[in-house]
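Step one of this worksheet: look at the structure below.
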Ligand code: NAP
């Protein structure tokens with residue numbers, strides 16, 4: 001019972017298996033396709049319901065049924081809203097596919113997002129966890145976003161400072177705004193500097209460009225190399241359902257990293273400006289014996305141990321059981337705590 005009138009476009013009892021890339025079974029009591037801000041405002045009236053905003057479901061685990069209202073973000077549109085001597089300014093609707101936005105900007109001759117090619121998900125989800133890859137993150141190309149403050153129904157503009165970006169993190173996660181759909185991102189504006197510099201330092205990317213014998217790559221060539229690396233290492237969710245990287249790369253104290261290096265000299269360590277050290281979660285999982293290993297209908301992918309895959313017919317409970325088993329073994333072997341990257345509902 002909702003106790004209030006839901007708008008007509010809200011559907012009931014919607015199957016979830018085809019709505020997330022992990023393809024876990026479940027049902028949502030209510031589901032609304034959101035194509036514009038007015039529709040969002042209309043569902044504000046149903047605020048007694050538990051709510052969650054979903055993009056393409058590429059970073060989401062349903063542990064079972066969702067008793068509440070899922071808002072499927074489908075606000076589209078992408079345009080160049082301005083240009084000056086320094087940069088191009090591109091705005092896109094939150095429901096736009098991320099990779100299609102990257103490809104479109106490159107086709108227009110506006111470089112800057114190429115290292116983020118083929119990251120699954122939507123434009124609106126990108127700032128929430130400040131997606132990043134191969135030495136670039138969304139925060140580096142971000143100007144501002146527009147979000148609907150659900151309690152007041154007002155549109156807010158958040159700039160870079162207000163978003164409080166950090167490593168795979170932002171104010172949306174820090175303040176839980178994404179979990180109760182308190183502030184819903186509707187549009188994002190990017191700033192693509194004209195003084196473009198290629199970012200090719202990451203080993204996998206550099207090796208791919210070497211293989212292609214590209215010494216002075218264009219942005220398009222970098223995107224092509226990123227796509228080639230990702231296709232080689234990561235499973236296609238339409239073939240092997242998965243939610244991308246399943247754990248964050250842990251940031252540990254410098255002293256802890258030093259101690260670990262004594263016992264595990266091969267451990268990849270990346271010092272951070274704040275003195276902490278980033279460890280590669282995939283390496284920790286692999287060296288805890290989980291690469292290519294299954295538990296029930298789920299497993300850790302054989303080509304990249306950081307990716308949890310659904311081998312077919314998995315339930316949400318199995319995903320959670322495997323995640324806990326991996327966390328326990330990494331903790332026991334390395335004393336490091338892994339935290340899941342996807343939202344678990
Ligand atoms: P990888 O290239 O095997 O590297 C493993 C980890 O080591 C990465 O997480 C990366 O940190 C770090 N690393 C590697 N080379 C580095 C360097 N030169 N300087 C600093 N740190 C370095 O990683 P992967 O798992 O195959 O993923 C490829 C890229 O896609 C990574 O950048 C990863 O973060 C990114 N990715 C992002 C998301 C997301 O945004 N949610 C999901 C999946 C993968 P960084 O994480 O800082 O790059």
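Using N, Cα and C of the backbone, Cβ positions are placed for all residues, glycine too.
Just so it is clear, the model here is predicted, and its values are computed rather than measured.
According to TrEMBL, the domain 'FAD-binding PCMH-type' annotation covers 24-195.
If you look up TrEMBL, you'll see 168 (among others) marked as active site. According to DSSP, residue 168 (active site) sits in a coil region rather than a helix or strand.
The active site, proton donor annotation in TrEMBL covers 245. A strand conformation is recorded for residue 245 (active site, proton donor) in the three-state DSSP classification. All protein chains considered, the CB of residue 245 (active site, proton donor) has 20 other CB atoms within 10 Å.
Under DSSP, residue 341 (active site) is assigned to coil, being neither helix nor strand in the three-state scheme. Annotation comment: TrEMBL describes 341 (among others) as active site.
Listed in sequence order, the residues of the same chain lying 6 or more apart from residue 168 (active site) and placing their CB within less than 8 Å of its CB are 129, 130, 131, 132, 248, 341.
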